[in-house]
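TrEMBL annotations:
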DOMAIN    139-162  domain 'Glucose-methanol-choline oxidoreductase N-terminal'
TRANSMEM  20-39  transmembrane segment
Amino acid sequence: MAAHVFPGAVATSLKVASSFLIGTKALFIPTFMAALLYFRYDLYDPETQIFDQKKLLMEYDFIVVGGGSAGNVVANRLSENPNWKVLLLEAGGHETEITDVPVLSLYLHKSRFDWKYRTQPGTTACQAMKDKRCVWTRGKVIGGSSVLNTMLYVRGNRRDFDQWAADGNEGWSYEEVLPYFKKSMDQRNPYLAKIDRYHATGGYLTVQDSPWNTPL
């Protein structure tokens with residue numbers, strides 16, 4: 001049976017093939033850049049680069065466990081004294097470009113950035129959850145849980161601190177820890193920075209409203 005070739009169909013096929021090849025080449029660059037950002041985000045944003053210390057000392061004056069918001073601030077403050085040797089330990093790895101997008105934070109839960117903790121069964125919470133246990137997301141990454149909480153700055157409840165003090169933990173009442181909250185923060189919102197009862201500037205934790213707003 002003879003095969004019939006239709007010139008019009010051939011021309012159309014060639015155009016489609018050419019468009020596909022051109023489109024594939026055009027997509028290669030953004031696809032490559034996206035892959036590079038995901039696996040080597042430190043090359044895109046030099047400020048996120050973390051340099052491994054090849055040679056550790058035999059002794060340190062202070063060892064800070066956990067490279068989250070608190071651990072990083074504590075280690076940084078301690079390192080201001082040039083006579084002190086400070087070691088900061090973090091079990092997790094580096095961030096990626098996904099961790100910088102607050103709306104994607106849920107994607108990071110139960111990922112390699114999460115310790116995947118679960119609460120113990122109780123009688124007052126998590127009653128509708130499997131085995132009456134809730135997922136308790138905690139960051140396993142440079143930046144700690146601040147990487148997973150949609151970039152929210154949240155202080156503890158006043159009553160919790162006051163209860164700790166009432167239980168015998170001297171120095172842990174809300175009024176006693178408030179100066180340290182203020183000392184650690186850099187409030188970038190002018191309308192809040194002027195309320196110096198609760199806010200301050202110049203600390204290591206930058207706090208500000210989201211600069212990206214939509215009509216919604």
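Including glycine, each Cβ sits where the backbone N, Cα and C put it.
Model, not experiment: these values are computed from the prediction.
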Helix, strand and coil totals (DSSP H, G, I; E, B; other) for the domain 'Glucose-methanol-choline oxidoreductase N-terminal' (139-162): 9 helix, 3 strand, 12 coil
Mean predicted confidence [pLDDT] for the domain 'Glucose-methanol-choline oxidoreductase N-terminal' (139-162): 92
